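Engineer: Below, the features straight out of Swiss-Prot:
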- ASP843: active site, proton acceptor (ACT_SITE)
- CYS29-CYS56: disulfide bond (DISULFID)
- CYS193-CYS205: disulfide bond (DISULFID)
- CYS213-CYS221: disulfide bond (DISULFID)
- CYS217-CYS229: disulfide bond (DISULFID)
- CYS262-CYS289: disulfide bond (DISULFID)
- CYS507-CYS520: disulfide bond (DISULFID)
- CYS523-CYS532: disulfide bond (DISULFID)
- CYS536-CYS552: disulfide bond (DISULFID)
- CYS555-CYS569: disulfide bond (DISULFID)
- CYS580-CYS589: disulfide bond (DISULFID)
- CYS593-CYS614: disulfide bond (DISULFID)
- CYS617-CYS625: disulfide bond (DISULFID)
- ASN138: N-linked glycosylation site (CARBOHYD)
- ASN174: N-linked glycosylation site (CARBOHYD)
- ASN253: N-linked glycosylation site (CARBOHYD)
- ASN358: N-linked glycosylation site (CARBOHYD)
- ASN410: N-linked glycosylation site (CARBOHYD)
- ASN473: N-linked glycosylation site (CARBOHYD)
- ASN495: N-linked glycosylation site (CARBOHYD)
- ASN548: N-linked glycosylation site (CARBOHYD)
- ASN576: N-linked glycosylation site (CARBOHYD)
- ASN620: N-linked glycosylation site (CARBOHYD)
- TYR875: phosphotyrosine (MOD_RES)
- TYR1035: phosphotyrosine (MOD_RES)
- TYR1056: phosphotyrosine (MOD_RES)
- TYR1150: phosphotyrosine (MOD_RES)
- TYR1162: phosphotyrosine (MOD_RES)
- TYR1188: phosphotyrosine (MOD_RES)
- TYR1202: phosphotyrosine (MOD_RES)
- TYR1242: phosphotyrosine (MOD_RES)
- TYR1258: phosphotyrosine (MOD_RES)
- TYR1284: phosphotyrosine (MOD_RES)
- 1032-1035: motif 'PPxy motif 1' (MOTIF)
- 652-675: transmembrane segment (TRANSMEM)
Amino acid sequence: MKLATGLWVWGSLLVAARTVQPSASQSVCAGTENKLSSLSDLEQQYRALRKYYENCEVVMGNLEITSIEHNRDLSFLRSIREVTGYVLVALNQFRYLPLENLRIIRGTKLYEDRYALAIFLNYRKDGNFGLQELGLKNLTEILNGGVYVDQNKFLCYADTIHWQDIVRNPWPSNMTLVSTIGSSGCGRCHKSCTGRCWGPTENHCQTLTRTVCAEQCDGRCYGPYVSDCCHRECAGGCSGPKDTDCFACMNFNDSGACVTQCPQTFVYNPTTFQLEHNFNAKYTYGAFCVKKCPHNFVVDSSSCVRACPSSKMEVEENGIKMCKPCTDICPKACDGIGTGSLMSAQTVDSSNIDKFINCTKINGNLIFLVTGIHGDPYNAIDAIDPEKLNVFRTVREITGFLNIQTWPPNMTDFSVFSNLVTIGGRVLYSGLSLLILKQQGITSLQFQSLKEISAGNIYITDNSNLCYYHTINWTTLFSTVNQRIVIRDNRRAENCTAEGMVCNHLCSNDGCWGPGPDQCLSCRRFSRGKICIESCNLYDGEFREFENGSICVECDSQCEKMEDGLLTCHGPGPDNCTKCSHFKDGPNCVEKCPDVLQGANSFIFKYADQDRECHPCHPNCTQGCNGPTSHDCIYYPWTGHSTLPQHARTPLIAAGVIGGLFILVIMALTFAVYVRRKSIKKKRALRRFLETELVEPLTPSGTAPNQAQLRILKETELKRVKVLGSGAFGTVYKGIWVPEGETVKIPVAIKILNETTGPKANVEFMDEALIMASVDHPHLVRLLGVCLSPTIQLVTQLMPHGCLLEYVHEHKDNIGSQLLLNWCVQIAKGMMYLEERRLVHRDLAARNVLVKSPNHVKITDFGLARLLEGDEKEYNADGGKMPIKWMALECIHYRKFTHQSDVWSYGVTIWELMTFGGKPYDGIPTREIPDLLEKGERLPQPPICTIDVYIVMVKCWMIDADSRPKFKELAAEFSRMARDPQRYLVIQGDDRMKLPSPNDSKFFQNLLDEEDLEDMMDAEEYLVPQAFNIPPPIYTSRTRIDSNRSEIGHSPPPAYTPMSGSQFVYQDGGFATQQGMPMPYTATTSTIPEAPVAQGATAEMFDDSCCNGTLRKPVVPHVQEDSSTQRYSADPTVFAPERNPRAELDEEGYMTPMHDKPKQEYLNPVEENPFVSRRKNGDLQALDNPEYHSASSGPPKAEDEYVNEPLYLNTFTNALGNAEYMKNSLLSVPEKAKKAFDNPDYWNHSLPPRSTLQHPDYLQEYSTKYFYKQNGRIRPIVAENPEYLSEFSLKPGTMLPPPPYRHRNTVV
C-alpha cells in the first residue's frame, strides 16, 4: 500500500518502535513494510531509519533501507544481528552497507513473495555514487527465500560469494545473481579468502558453515571435523557444540540457549501423574521466549499473538490480556483490511463493507482510500453509500491501525467511530496507528469513546477545516512514552476560537473531540454515561442518582423515589435504597416476597407483614402462608387441611400411572402401523418388478446405443511387410490385407500389442479399438478390423503420406494459403464430429493428423480419446503422460478434459501448420509451461498469418474454457477464410506455388520400395458397397464464370471446396444416388495403349474433402477382370449427364439453375489412388509426367487427351489467381458435354447454397449427414514422445530461456 506524497512530509516524526527486550543482551524493534516507498524529504527518510534501528539487535519484521544518500552515516546498523522478515536494500547511493553483525535472515516474509535478500538499483544514474561493498561478512544463514542482487553499477565481490552455503534451500527458482565482474575499481579477494569474500581485505573473507562440514553434521559447523558440528538447534553457525554456543537459533532463544520450544505453562509430573503449573513458563514471541508479552499483544495459551482466534474472546485478567474460550456466542470479531478473508483488499469499499456489519472488534486494520470511497472504475467497484459507513458504529476495538485518506464530502466528522475505545497498534503503517490526511471537509474528529492508543504514532495533517485537535491531551491515550504525535497544517486554533468552535465548559483541560458536552475526553465535574454534567440528581430530578466518584449512577429500580431534599439511594444495587418501592427481603428491596426458597432440608415460603417486610412461614406450611403461625398456612378448599391426606393422594397417583400407560400403548401401536405400511410398500414394489410391470428402464440415460460394427479378421488374411515403429506397448507394421475369398490386396497398418504386456494394456488396447470403430467421418481414421490372435492386432488403413507435421515441414516451400486453410477446415470438421459424438480426443496435434492426399487429411490417434457418458460434461484422467505443450491449463492443473480443452489443442495444431512444422514453446522445459500460461504468455503470431487468423488462435487459448469458440464456429470461420485465402495468409509467391507430386514424399517412397503395389486397392475403395452396375455416363465440365458476368467488373472470390456431402443423379437407367449413399462404379479401361491410365481411382471424387482433379476422355466398359475391377470404375470423374441445362452464377460465383450462357471450364478436383503410381513395363505415369506441374497454354495435343493429370491447389496462374479456375486453352471439352456440370445436383456435393454457408448451422448438416469408411495411420507411442510429460515431473527448478518466455532476471 502506497501513501500519498504528502504523507511523507513528516516534519519531526521520530519513530521508536522498540517494544520489548526478550533477554538482557538483545533488544527488539519492529520492522517496516514500505517496500520501495520513501519520504519525499530524504533528510526525514534518513532520520526515520535511524530512529527505527539505532541500538536494535533483532528486527521483528522487515529491514528496508531505501533512498539513502551517499553522505549518510549508517554505522548504527552495525548493532543488527537478526532479521525475521526480509532485507531490502534499493535505490541508495551510499558506498558501504555496514550490516557487519547480521548473522541470520529468517525470511518469514519475502520480498515479492520470493526473496529474503534483495539488493538492486543502488547507484546514481547521473553520478559516481553507488553501493560498492556489502558489509555482510557475518551473514551465514537465510532460513527461507532466495537472494536477488542486480543492477548495482559499482558493486564488487558479490559474485564471489558462495550463496548456496548461506541459503538453506537454494532452489534455482529463487536464486538470482547478476555478475559484477568488470565493474570499474573492483579488485580481487585477498589470497587467504580462496576466492570468496565480501571485500578486499583478509577480514572480509566469507565464512563457510555448511558446505565444508563433515557428512555426519546435520546442520552447521565451526570446523571440518566430526567434532566441530554445531548443535542441531543452531542457525547461522556456532562457536562450539553446545546449544548456548549458537550465533542464532533455529527455533527459539531461551535466555541465550537455543531450544525447540519455550518452557510450557504446564508440565507433567511423573510422580503424581498430573499436569502441574510451571513457574518457569515463558511465552513464545517471535523467535524468543519471554516472561511477559508486549502490552499490545494478547496471550493465547503459551504464545503472544496479535489477535484471538474466532472461537475465543479477548479478556483481561490480572492486567494481562488473554484469549479465553467463549461461554456462549463470541462477540463478533471481523477481519480487517489486509488480513484473513480481506487479505487482498487495499481499502474499505462497496464490495466488502457489508462484511463489517455488527462487528465489535476488527482484527487488523481499517483503511479508507479514494478508490474505496469514490469507487474504482478500473475494477468495476462503485462508490460507497455514505449511509453504509454507519456499520462501524458497533466497532469498539481495532487491533491494527486506522488510516483515513479519503472521506465522503458530505460528512464533516468521524462520528461513525463514536464507540471506538481502543486502537491496538499491533500492526503499524510506517510506525503509525492513527493517520488522518487531507480531509478538507472534516471539522471535528468526534472519537468520543476513544480511551487508548496502545502502540504507534499519530499523524494528522493537511485538514484545512479541522478544529478541536489542539485541545486534546494525546498523552492520556498513549500506553508507552515512546509514542509520538505529528499534528500540523490544520485549521489555526485562533480561527476556530473566533468562530466559537471550542470545547464545552463542562470539559476538563484534557480537551474535546468536538462541540457539546458529550465530546469531552474527561469531565470537569461529573459525567452521566458519555455526557459531562454539572451535578448528579441526588435530591431531585425525574430519576435519582448517587455519586460514584465523578460518575453519576442511577439508583436501582427497586428504590422508592424520595421527596425532594432526601437521598433515594446511597450506592449501587437494591441493598442501598433508602426506602423500597415494593417489599424488603432482608437488606434487599424486591418486587414481591419469594414464593419458595430451597432450605437445608425443605422448601421455605415467605409472607409480607404490614410494613411490607418479608418473613418466613411456619415450618408446617408446605404451600405458603399468610402469617407467622401454623394456622396461617394456605389450605386446600376441599379438605380443609394445609396438606393433602394420604388417601387423597392415591387416586391422583393411579390416574397418572394409567394415563402414562395409555400414552405408551398409543405410541407402540403407531410405530407398529408405520413399520407395517413400510413393509407392504416394499413387497408391492418387488411384486411389480417380478411381474415385469415396470414400463421404464431403471436407469434411463438418454444416450443412443452405439451400433458401430467391428470386423474380426483372421491372422491368415494379414501379411506383415515392414516395421514402421515400435514402443513400450506394441509395434506398428506396414502390411497387406487380402480378404478371404478375394484377389484384392489392401495396404494396411497393423498395430500389434507386445506379448510381455499385461491385462491392463490389453484392456486399453481394446478401448482404443472401441473408439476408432465408433467414428465414421471423412476426416477421422476408422478401424478396419481387429485380429484376435495371441497378440491382439488393430488393422487400419495405411496412410501413404505420413503425418501432416512432417508433410508440411518437407513441402513448406510449395504449400499455399488455400491448402493451409482447407486443412484447418477439415480438422475442425473432424473435431466437430467428435464433439457431436461426445468424444474427447485429448491428444490433438499436427503429428496426429494424417495425409491421405495433399488435399485430404484425417485425424487419428485415439489412444487417449475418451467417450463421455450421457450425463458427463468432462473427463477426469487419473495419471499417465500428457502432451503438456498442446494442453489447456485446466487439463494440466486438474486433469479435466472437455471438448473445449480440445479447442485449445486445435489452436496449437493450427499454429504448427502456419509455422510449417514449428515446435510450440521451443526450448522451454515442459514443466515450466503452466507458469508461463498463467502469466499470460501464448505462442507468437506466425509470420504468414494476418491478425484475423491469429485472433482465432488466441481465442482458442483463453483461460476460461467457456470463452473459447466451438468447433462449429471454427469450421465456419475457416470456411469463410478459405474462400479468399490470400486475404488471410500472406505467403510470398503464393499464386505460383506448385505442390509436388504425392509420390515425391519421402514417406511414400519408403512404402513403395519394398512391395509391388500395382495390384493394390485402397481400403475405402474396397469397403464401398456394390449394389448394382451403372453404365459409365459421359461427363461434362462445369462453367464457373460467364462472359456477361465478367463484363460488369465483378470478380468473385476464390472458392473453397467444401469437404462433406455428395449428391448427383444419373439420367440413364433411372438409377440415382442421394445424399449419404456411396456411388458404385463400373470398371473401365483405356482403348489407347500408349496413354498411361491411373488405375483404381477412389470414390473420393464425391467426398467433399477432395481437392485433386483428373480429366479424362469418356471410355467404354471393359470386360470383367478381377474382384477389384468388378467392383469399381477406373475413372471416378465420369459423371452423369446434365439434369438442368439452365444455370447462372449466384453472388459468390457458384452456379444456380437458370439459363444457358457461354462458360469457362471449372473443374472439381478429385483424388488419385495413392498406391497405383507405377507400372511394371516402366511406362511414364501421369504423376511422373513433367506436364503434371504446369498447364499448357495452348490446345491439348491429341496424344495427351487421355493423360490423367491431378490438379493441385495453387498450381495454376490465371487471371483469377485461383487454382480452381482454369484457362479456356487448358482443356477442350465438346460443347455438347458442357451441360453436365450445370446440373445443380452435381454441384450439391461440392458446396452448400450460399445462404447455408452464411449460416453457421450449415456445418452441422454437412458434417454429420454422411458417413464414410476411414483409414488408419502410424505414430510412435506416448512413452517415446518427448512432447508428453508425466504430471509427477512438473516440479520447479528448471532454467528459463531468454525473452519472451521469461522475466527480465535470469535464474542461476
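Any Cβ shown, glycine's included, is placed from N, Cα and C.
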Engineer: Give me the count of other Cβ atoms within 10 A of the Cβ belonging to CYS193 (disulfide bond).
Structural biologist: 20
Engineer: In sequence order, what residues of the same chain, 6+ apart, have a Cβ less than 8 Å from the Cβ of ASN138 (N-linked glycosylation site)?
Structural biologist: GLU100, ASN101, LEU102, ARG103, THR207, PHE247
Engineer: Given CYS589 (disulfide bond) and CYS555 (disulfide bond), what distance in Å do their CA atoms have, once rounded to a whole number?
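Structural biologist: Given the Cα positions, CYS589 (disulfide bond) is 12 Å from CYS555 (disulfide bond).
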Engineer: When DSSP states are folded down to helix, strand and coil, where does CYS193 (disulfide bond) land?
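Structural biologist: SS state of CYS193 (disulfide bond) = helix.
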Engineer: For CYS523, CYS589, listed as disulfide-bonded residues, tell me which one has the smallest number of other Cβ atoms within 10 Å.
Structural biologist: CYS523
Engineer: Just to be sure I understand the packing, how many Cβ atoms besides its own are within 10 Å of the Cβ of CYS56 (disulfide bond)?
Structural biologist: 25
Engineer: When the Cα-Cα distance from ASN548 (N-linked glycosylation site) is computed for each of the recorded positions CYS56, CYS193, CYS262, ASN358, CYS617, which gives the smallest value?
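Structural biologist: That would be ASN358, the closest of CYS56, CYS193, CYS262, ASN358, CYS617 to ASN548 (N-linked glycosylation site).
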Engineer: Does DSSP give ASN576 (N-linked glycosylation site) helix, strand or coil?
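Structural biologist: Looking at the DSSP assignment, ASN576 (N-linked glycosylation site) belongs to a helix.
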Engineer: Nearest to CYS552 (disulfide bond) in three-dimensional space, by Cα, is which of the recorded positions CYS56, ASN576, CYS614?
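Structural biologist: Nearest candidate: ASN576.
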Engineer: Considering Cα atoms only, can you say which of CYS193, ASN253, ASN495, CYS507, CYS555 is the nearest neighbour of CYS532 (disulfide bond) among these recorded positions?
Structural biologist: CYS507
Engineer: Fill in the CA-CA distance, CYS213 (disulfide bond) to CYS520 (disulfide bond), as an integer in Å.
Structural biologist: 67
Engineer: On the three-state reduction of DSSP, what should I expect for CYS56 (disulfide bond)?
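Structural biologist: Once the DSSP labels are grouped into three classes, CYS56 (disulfide bond) ends up as coil.
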Engineer: Rounded to a whole number, how many Å is the Cα of CYS229 (disulfide bond) away from the Cα of ASN358 (N-linked glycosylation site)?
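Structural biologist: Rounded to a whole number, the Cα-Cα distance is 57 Å.
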